[in-house]
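Swiss-Prot lists H44, E76 with the feature active site, proton acceptor. Under the heading active site, proton donor, Swiss-Prot lists H198, citing sequence analysis as support. Feature annotation from Swiss-Prot assigns 3-amino-2-oxopropyl phosphate binding site to N8, R19, D199, G221, H222; the stated evidence is sequence analysis. The 1-deoxy-D-xylulose 5-phosphate binding site annotation in Swiss-Prot covers R46, H51, T106 and is backed by sequence analysis. Marked as site 'Transition state stabilizer' by Swiss-Prot: E157.
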Amino acid sequence: MPAKLSVNLNAIAMLRNRRDLPWPSVTGLGRAALAAGAAGLTVHPRPDQRHIRFSDLGDIRALIDDEYPQAEFNIEGFPSEAFLDLVEKHEPEQVTLVPDDPMQATSDHGWDFMSKADFLAPIVARLKGRGMRVSLFADPDSLGYERAKAIGADRVELYTGPYGATHDDPAAAARELDRLEKAARAATALGLAVNAGHDLTVDNLPALVKRIPQLAEVSIGHGLTADALMYGIPVTVSRYITALAG
């Protein structure tokens, strides 16, 4: 089964927030993505609400519950108490925990599982106790994956930023694919499902899914939104689903 596509709405929200206006509509374009075949919607709410606003979460939750109950809501972020309160209020199917400073521009590294296991363990238990699947953002080096499994994570999301950055360097892309494949195999051997995200496009997805056929889900926002400016959401989502099929 091809990996599922979760459309990250942050870039749409950032465009909306350039003006004090309700468009482009985050939920409206999320609806269009789901109608076109996306399996879910992802958001990364940050403390300053510079893209996704806290008020968006209830609207997205209602959209999925009322119109696309088979779809999944994925909320990602650093597990501060404020973030955990938001997550518990809106009950996403999946929570992706990332280690970044809430004020940085974007996630750019995975957890240090060896040093952060004691910090993460009670948080993972808390979320799973509420029925949420937990994915941990991970560098593609397999270091500490056994600790991620031991503290109860269901999945790891492989950080694919370095792979995305090799768009004009085939040799470097091959090296990054080797790293990602090795990391995915290590995670799978431990019983962790594998997600991936960051700078994925219709051009680099086919090679990735060929090397990681067990990939469960990709979360894509920036590249997909850029393509949607040219082709529209329905066509763009269809193109990404085709790319995921290899």
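Residue numbering: from 1, along the chain as shown.
Glycine residues also receive a Cβ, built from the backbone N, Cα and C atoms like all the rest.
Features per Swiss-Prot, on structure.
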| residue | record | contacts (Cβ under 8 Å, 6+ apart) |
| --- | --- | --- |
| N8 | 3-amino-2-oxopropyl phosphate binding site | L41, T42, V43, H44, G197, S219, I220, G221, H222, L224 |
| H51 | 1-deoxy-D-xylulose 5-phosphate binding site | N10, A11, A13, M14, N17, H44 |
| E157 | site 'Transition state stabilizer' | T96, S135, L136, F137, A138, V194, N195, A196, G197, S219 |
| D199 | 3-amino-2-oxopropyl phosphate binding site | T160, G161, Y163, G164, A165, H222, G223 |
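Each of the recorded positions R19, R46, H198, H222 was scored by the number of other CB atoms within 10 Å of its CB, and the largest score is that of H198. With respect to R46 (1-deoxy-D-xylulose 5-phosphate binding site), the closest of these recorded positions in Cα terms is E76, chosen from R19, E76, H198. Rounded to a whole number, the distance between the Cα atoms of the residue listed as 'active site, proton donor' and R19 (3-amino-2-oxopropyl phosphate binding site) is 26 Å. The binding residues for 3-amino-2-oxopropyl phosphate are recorded as N8, R19, D199, G221, H222; their greatest pairwise CA distance is 26 Å. A separation of roughly 13 Å, to the nearest angstrom, links the Cα atoms of H198 (active site, proton donor) and E76 (active site, proton acceptor).
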